[in-house]
Amino acid sequence: MRMTANATIDPSEVARFDALGAQWWDPKGKMAPLHAINPVRLGFVRDVLVRHFGHDARSLRPLKGLRILDIGCGGGLLSEPLARMGADMVGVDPAPGNIVVAQSHADEAGVRVDYRQGTAEELADAGERFDVVLALEVVEHVADVGLFLRRAGEMVNPNGIMIVSTLNRTVKSFALAIVGAEYVLRWLPRGTHRWDKFITPAELEAEMGAAGFEMSELAGMVFDPLRGEWKIAADTDVNYFLVGKPAFHTSEG
């Protein structure tokens, strides 16, 4: 896919993630923090979608029949397991190296995912439509959050849903997500995040509203040091999810 002139991508961010290459699927490599939170992300997304679309949570393929777009899919850590749950998955990423890794891993695993190298804007321009649009750990890396959400929102079906996860802009997030994660614990490469690009839940809700969505759910994701694992919580000071529905959506019945 060809990059558009008005793309919301930040070239420096694309280059940084493109350089990760095969490390995407190494649970002990540079993407270890993403592997740590991935089960929680998947569980949250699955639960939200099952409730919204009235699917059977006990099914081995609870997302069957749903067309889902994973924006900024990276190496496919989210797309691939969602496809295993029955979703008709499309993953898009502007970094060509990410798509090569994602497609190779999916092929080896025998999982069908439609990976595309390009931007959300290009998919929107092509008239693509989805039941679900996901932008997890993405908006803190784009050049224009408002434009990104508007273009992503164009692709959500009237009864669909958009899920965004990102980092709050607080003193706590600076201490934990940047100083702690990048400089002290070295969970992430230095420079992975910029605190000034973090966005508060209120700001994100406003941008979602401008894109034609109303917030239906807000949840935090925190690390439990006693259990050594991540979990969903009410605390949105650092990591959080915002779920949005088209403002004029109709009932699923």
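Glycine is treated like the rest: Cβ placed from N, Cα and C.
Within G72, G110, G153, the residue that Swiss-Prot lists together with R41, D93, L136 for binding S-adenosyl-L-methionine is G72. In the three-state DSSP reading, R41 (S-adenosyl-L-methionine binding site) counts as helix. Our reading of the S-adenosyl-L-methionine binding annotation (R41, G72, D93, L136) yields a largest Cα to Cα distance of 19 angstrom. Neighbour counts of Cβ atoms within 10 Å were taken for the binding-site residues R41, G72, D93; the minimum is at R41.
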